[in-house]
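What TrEMBL lists as domain 'SAM-dependent MTase RsmB/NOP-type' is 64-358. Among the features that TrEMBL reports, S-adenosyl-L-methionine binding site is placed at Cys163, Ala164, Ala165, Pro166, Gly167, Gly168, Lys169, Glu186, Asp217, Asp235. Here TrEMBL flags Cys289 as active site, nucleophile.
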Amino acid sequence: KCFLFVLVRTREGLIWLYCLSFFLLSLKLEKKAKGKPQKQICQVVLDHFEKQYTAELGDAWSSVRDVLTSPWCWQHAVLLNRFSPSPGLESSLAEQGYRLAFAAALPYLPAAFRCYSRTAPGRFPAQKHQPGRLKEYYLLNAASLLPVLALEVKDGERVLDLCAAPGGKSVAILQCACPGYFHCNEYDDLRSRWLEQTIESFIPDPVINLITVSKLDGRQVGDLQPEFYDKVLVDAPCSNDRSWLFSADPQQAVLRLMQRKELSSLQFQLLRSAVEALRPGGSLVYSTCTLSRAENSDVINLILSSCRNVVPVDISGMARGVSQEFTFLSGMQQHELLVLPEKGRAWGPMYVAKLKKVSSS
């Protein structure tokens, strides 16, 4: 600041403007380097969450709230693309403090599946989409990989990703196995184009020929393809707690909160469609990125009570295997888990539940 003052007193206006611009740019870069959030907390959403999640999560909500309202402590994991190996990438990640995630013995962890994470916040440089060139890695919230590992896809199976955009879980499934038929569906037109670009960025031609991308209403897929799939993932539309807290438009936030109570009905209809699309003996995983009980356990309980041919599947073994990397809400049933963000491992929110179809409808 003293340096700037001397220049103002002793040089012409042009030099003063140059130095002032340089000074302001330095402040901007410093702010960006510290990872300070660019958006403000939406108080309407925070007040709503405060009331709901204090009741549903109890004492755990306080620490979760601190993480969700502090984006500079959010973390990103790096999922490597087995179709585009990059010499030196893993050693570069190690030099920056990343370590291999999911290193413990899990019920299902394919050798080709490699993901790196670190406890320090920050983001590894993103790669831009380039037509005709595969990306080497995908940046994501590490908790979003748990539904994929719970699904346990095997080579040759017929797999449906019912609500697939933006495509991260579809890409992750293909890091685990090569399905005989892979159906990626996304009803929303804009998100469907995003899904197609993601698949183009990560999957080579021989494998991409096994993928069908559609824009069907997910609630109708079960009627259109009854008992066709071995595995179904329902990563349902939900009230995304992280993004909703930073809603730029307060009016949009109020509208979202009003519509929130309708989401559980949509989620149930999608899940029921998934059950109809599943062959007897097949399994499905339901997931959301919200803490809301109405969109999580309540939806699963409703499907279990209304569909007599569906039973819960124990995923507690997977949860124990990753307990050093994730914090889970206590008191959940064995067929479900809820990842709670906390400082140092700010993954989630992510709800995961697994079901199996035992007979025809």
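Cβ atoms are placed via backbone N, Cα and C, with glycine included.
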Neighbour count (Cβ, 10 Å) for Cys163 (S-adenosyl-L-methionine binding site): 23
Long-range Cβ environment of the residue listed as 'active site, nucleophile', under 8 Å and at least 6 residues apart: Asn141, Ser144, Cys238, Asn240, Asp241, Arg242, Gly348, Pro349, Met350, Tyr351
Sparsest-packed among the binding-site residues, when each Cβ's other Cβ atoms within 10 Å are tallied, from Ala165, Gly167, Lys169, Asp217: Asp217
Local confidence of the domain 'SAM-dependent MTase RsmB/NOP-type' (64-358) - pLDDT mean: 95
